[in-house]
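Reviewing the structure listed below.
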Ligand code: 5GP
């Protein structure tokens with residue numbers, strides 16, 4: 001059976017990764033979303049197990065100790081990490097999975113899954129990005145400044161990614177990501193791998 005694609009969607013805070021992912025989840029029901037664990041407090045409207053698995057610092061450290069996370073990173077004073085088991089089981093079942101994570105974590109995933117598809121979501125401009133972070137109304141001024149500084153540093157890591165998608169409009173950005181996923185499914189390497197497996201099996205038989 002063909003393994004699923006591991007898709008990583010990163011980009012600076014406030015670029016709209018969450019909204020784009022929610023839209024992709026809605027439109028592309030065969031795309032599985034990896035729910036991260038975090039030590040940050042839930043925002044209004046967020047539900048445990050749907051947006052994140054909300055953990056205490058101790059619970060998160062226990063997950064690290066048990067090697068239960070594929071990657072984790074500290075981001076603006078909180079921990080975020082990807083539960084490993086769910087990702088591995090989804091890929092083995094042949095389904096595609098999308099991880100919406102920040103850049104340090106994405107680079108760690110790239111070391112483990114170089115065959116993954118790494119997409120960087122780009123804001124139309126930095127001014128627009130600040131407006132989006134401010135407009136969300138969920139963070140205080142210090143956190144907004146900190147997130148803006150981190151965002152500029154994060155933008156420098158774009159060259160580690162395979163694709164850059166400008167989030168000028170949610171629908172357009174989702175359409176571009178959908179096209180990338182379709183194209184990645186048509187990569188010859190995926191078929192060559194399968195062909196090799198079939199050849200090996202028939203030689204053994
Ligand atoms: P927020 O607090 O705005 O929900 O997320 C802050 C940042 O953490 C975002 O850039 C988000 O993509 C990232 N993030 C969410 N889950 C994970 C994760 O499992 N691992 C890593 N490395 N980053 C994550």
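Here the Cβ of each residue, glycine as well, is placed from N, Cα and C on the backbone.
Fair warning: this is a prediction, and the values are worked out from it, not measured in the lab.
According to DSSP, residue 16 (ATP binding site) sits in a coil region rather than a helix or strand. Neighbours of residue 16 (ATP binding site), defined as other CB atoms within 10 A of its CB across all chains, total 21. The ATP binding site annotation in TrEMBL covers 11, 12, 13, 14, 15, 16, 17, 18.
Residues annotated as domain 'Guanylate kinase-like' in TrEMBL: 4-182.
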Measuring Cβ to any atom of ligand 1 with a strict under-6 Å cutoff, which of the binding-site residues 11, 12, 14, 15, 16 qualify?
none
Grab the pLDDT values for the domain 'Guanylate kinase-like' (4-182) and give me their mean, rounded.
92
Fewest other Cβ within 10 angstroms of its own Cβ, chosen from the binding-site residues 11, 14:
14
